[in-house]
Amino acid sequence: MPDAKGRRIALGCEGSANKLGIGIIAHDPLTGEAIVLSNVRDTFVSPPGTGFLPKDTARHHRAYFVRVAKKALAASGVSIDEIDCICYTKGPGMGGPLTSVAVGARTLALLWGKELVGVNHCVGHIEMGRAITGASNPVVLYVSGGNTQVIAYAEQRYRIFGETLDIAVGNCLDRFARTLEISNDPAPGYNIEQLAKQGGRVLLDLPYAVKGMDCSFSGILGRADDLAAQMKAGEPGPDGEPFTPADLCFSLQETVFAMLVEITERAMAHVGSNQVLIVGGVGCNERLQEMMGAMAAERGGSVYATDERFCIDNGIMIAHAGLLAYETGFRTPLEESTCTQRFRTDEVFVKWRD
Amino acid sequence: MATDDNFPCSLTLQVPFPDARLASVALQALRVDKELSGLVKRELTTVAAPESSDAGETILRVDYKATTNRMLRVAVNSFMDSLALVLEVQEEMDVDVIESEKASQ
C-alpha cells in the first residue's frame, strides 16, 4: 500500500554479475518523481589476473544478500507495509548469480506477502539513466562488462540498433586488465582508465572493427594481448621505443571508444536524434564521455551520463524499472519468477511509455 | 519417489521448520528453479512431523535421484546452499524480526 506520503514503493534486487545491489525507490503519483530512498551495493572482487567465476559469485551474493537487504531497508526508513512489490533481475546475466538473488527475492516476497516483478537488466539501466538525467528521448549506448548495445526507443520497445558481434566492450577491457594483472579493485575498467591517463605518448596500432551498425572486440583483445606479450619480452613498439602498460591502456581505450562513438553516431543519424545517454559500468569512463560529448556537440546535441551510483550495476534501477512496470499492472507470478541468461532488451513491452 | 534403474543414486532430506508457514515459504521459493541437469530428478513437498501432526506440515521434504553419486552430490550441495539462504532470510528478515528491530531503535 502507498506510504504515509501516498507514494508507491518498490524494493529491487540485482546480481547478474559480480555486483550485489539492493535498493528502494519511491514514485510520487502527483509529480511523477522517482525518489531514491536507499541504494546499497557489495561487489565481489577477484584477485588480479583472474575474473569472477559464476560459482564464487553466486556464493558471494548468497552470503551478502541479508546484510545488503537489511541495510537498504533500514536506510530507506520505510516499513514492510509500505512496500508495494519486490523486483528482481530476471536476466540477462550469469545463471548462478541471477538465481541466487531470485531465491532471496522470492523468500522476501513470500514472507512479506508482496508480489514479484521480474526486470530486464538492460531496461533497468535505461530507465534509471532517463530518470536521473532527465534525458527525454536519447539514443542509448549501453556498455558494460556483459553488454554492448546501441538502443533507441520506438513504439513501446527499446530497439537494438547496433551491438557487439562477440564480446562486450567491458569484457574486452576486463580481460585485458587480467593480461596486465591490473587490480580488480574497485573494478578493472576503472584501473585501466587511470593507467590510460598516464599514456598518450604513442597510439599503438590496434584493429578497428566496426561492421555497419555493429562492432566486434575479440580481435582487438587478441592483438592487445599480443602487444602485451611483446612488451613483457622487452620488444620495442612501432616507433622503435619501448612502450608501457599505460601506452597499451591508452591505445585500447582510444580505439574501442572511437568505435562506440561511430556506431552511436550512426544510430543517431538514422533516428534523427542528437541526445546520447550512456548507461552501464563502462559509462563511468570519463574519456568515453568526453569523446561522445565531442561527437554530440558537433551534431548540436549533448551526452548524458550518470555517476557510479547508477551506471554500475545496482538494485535501485531494478526497483525503478520494476515499479514502472508494476504501475501498468505487470506482475511476475511466483511459478514464473525464474531467471534467464539470455533476455533481449526488445523482448520487454514498455507499456509505461507512449 | 519409486526407485528407478536409470537413476540409481538417491537421497532424501527432511528439513524441520518452526511452523507450517515457514516450511511452505521455503517450498514455494525453492521449487521454482528446475534442476539444471537431466541426470538429476528432484521432488519437493511439505509433510507433517510424525509426533505433532496437528501443527500442520512443518517439514520440507526433498527427494533426489541421480544417475551417479557425483551428480547427486553436486545437486544436493547446490540445494543446501539455496536452502541456507532461504533460512537466513527467514531468520533475519521476517515481518516480526524487522518490526522488533525497528521498535528497539
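Cβ atoms are placed via backbone N, Cα and C, with glycine included.
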Per TrEMBL, A:His121, A:His125, A:Tyr142 bind divalent metal cation; matching candidate in A:Asp3, A:Asp307, A:Asp313: A:Asp313
Candidate from A:Asp166, A:Asp174 that TrEMBL assigns to the same substrate site as A:Tyr142, A:Val143, A:Ser144, A:Gly145, A:Gly146, A:Gly189, A:Glu193, A:Asn285: A:Asp174
Nearest recorded site to A:Asp313 (divalent metal cation binding site) by CA-CA distance, among binding-site residues A:Ser144, A:Gly189, A:Asn285: A:Ser144
Close in space, distant in sequence - A:Asn285 (substrate binding site), Cβ under 8 Å, 6 or more apart: A:Gly189, A:Glu193, A:Gln253, A:Phe257
Largest tally of Cβ atoms lying within 10 Å of a Cβ, found at which of the binding-site residues A:His121, A:His125: A:His125
Least buried by Cβ count (within 10 Å) of the binding-site residues A:Gly146, A:Gly189: A:Gly146
A:Ser144 (substrate binding site) versus A:His125 (divalent metal cation binding site) - Cα distance in angstrom: 10
